[in-house]
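Chemist: Take a look at what TrEMBL says about it:
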ACT_SITE  SER243  active site, proton donor
ACT_SITE  GLU350  active site
DOMAIN    17-190  domain 'FAD-binding PCMH-type'
Amino acid sequence: MKLEEHVPLAPLTTLGVGGEARFFVEAHTLQEVTDALDYARTHALPVFVLGGGSNIVIADSGFEGLVLHVCIAGITCEEREKGRVNVTAGAGVLWDDLVAYTVAHGFIGLECLSGIPGTVGGAVVANLGAYGAQCSDTFVSAEVLARDDETHTARVFTNGMCEFSYHDSMFGHMPGRYLVLEATFSLLTTGTSHLSYRDNRFDLAALAAKHGREPTPADVRAAILEMRAEKGVLASSYKSAGSFFHMPFVSSEMYAKTVAKAQILDSTKEERLRPWAWEQPDGAYKIAPGFLLEYTEFQKGYVRGAAGISPKHTLCIINIAGARASEIALLARAMQQAVENVFGIHLEREVEYVGAVEKEN
Ligand SMILES: Cc1cc2nc3c(=O)[nH]c(=O)nc-3n(C[C@H](O)[C@H](O)[C@H](O)COP(=O)(O)OP(=O)(O)OC[C@H]3O[C@@H](n4cnc5c(N)ncnc54)[C@H](O)[C@@H]3O)c2cc1C
């Protein structure tokens, strides 16, 4: 294990803000992971597990503990039954490298999740999702280390044990307790998977018409990458941490109030932005936070000092040039406050703050 000190963390994140890690270990093997955890335990250091740094804001004062950068590599595949393959990837593999690998092999199941930054470990923790597909659709199991298990015995967590939900998992709601070492996905080798295309925002029929045949996973990947580039949600688009806020779920009464308020404020805008809410099986509504923000000053292209909002996506707070974490957090709080003032709806933060981000502003 190579223990480093005072390592700048901003370059290891997609937002590019924040200070240093007091201690830092880049772990490529299970042994390096356990050595780092032992070091942290012996020295009573808090640990932060870092993947691709695409869903976090690091405090300007950095992290006064040990940052364990999980870089476990490797992709393997094994045909379990005819027409299906299990693909296993190390937690440090870049998620999009895994997707590209499966698409190159003609496997079906991950192509809708193309172009999303971060690692395989981070994807499992966040139950990464886009265009109606989510990581848990094809996830079989993960090899996981419980941080408080001093015997360092890796355990297998199957899909049902991970408590996956919208953009969350058991690992996500117990941050730092478990460390994902590798994950396995079950993919189809023949046929067409319609399961992952259930979201009508991705028009598979139009793609089929364009190609004059059933789209291949490679066609779907290319279309998704193009769409993500247009929306500015590729890692290369802007320095951001992706969507800063979760989609709020509200009661049918609250939804009705929201429609009424939006129509009073600007009915043309309300009509133009439809659909902006989706009814759930339990009668609640899932609302696009970008729609709510459209009724505040926080629009696409908004600039406040060195921070701002992506010109292409209202939910992406961006680091325009040398922003500090405190500026990002202040802007996020102002956006939450504005939506609360107009609609009485609280936008929950999706992006995780690491270190003393909230105390710094
Ligand atoms: C431009 C852009 C677009 C995005 N688009 C999407 C999208 O379409 N859909 C979507 O769902 N997300 C999206 N995101 C958010 C982000 O890419 C995902 O949440 C991603 O899965 C985070 O993975 P990561 O490796 O970067 O995790 P990090 O940001 O490094 O960490 C996030 C959390 O996961 C934990 N973690 C990371 N690795 C491990 C591990 N091996 N074991 C245990 N815990 C771990 C960390 O401790 C932390 O709590 C986007 C982000 C950006 C910048």
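In case you wondered, yes, glycine gets a Cβ from its N, Cα and C as well.
On this model, are these features tucked inside or out on the surface, and what's nearby?
Modeler: Within 10 Å of the C-beta atom of SER243 (active site, proton donor) sit 19 other C-beta atoms, taking all shown protein chains into account.
The secondary structure of GLU350 (active site), as reduced to three states from DSSP, is coil rather than helix or strand.
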Chemist: Round to the nearest Å and give the CA-to-CA distance linking SER243 (active site, proton donor) with GLU350 (active site).
Modeler: 7
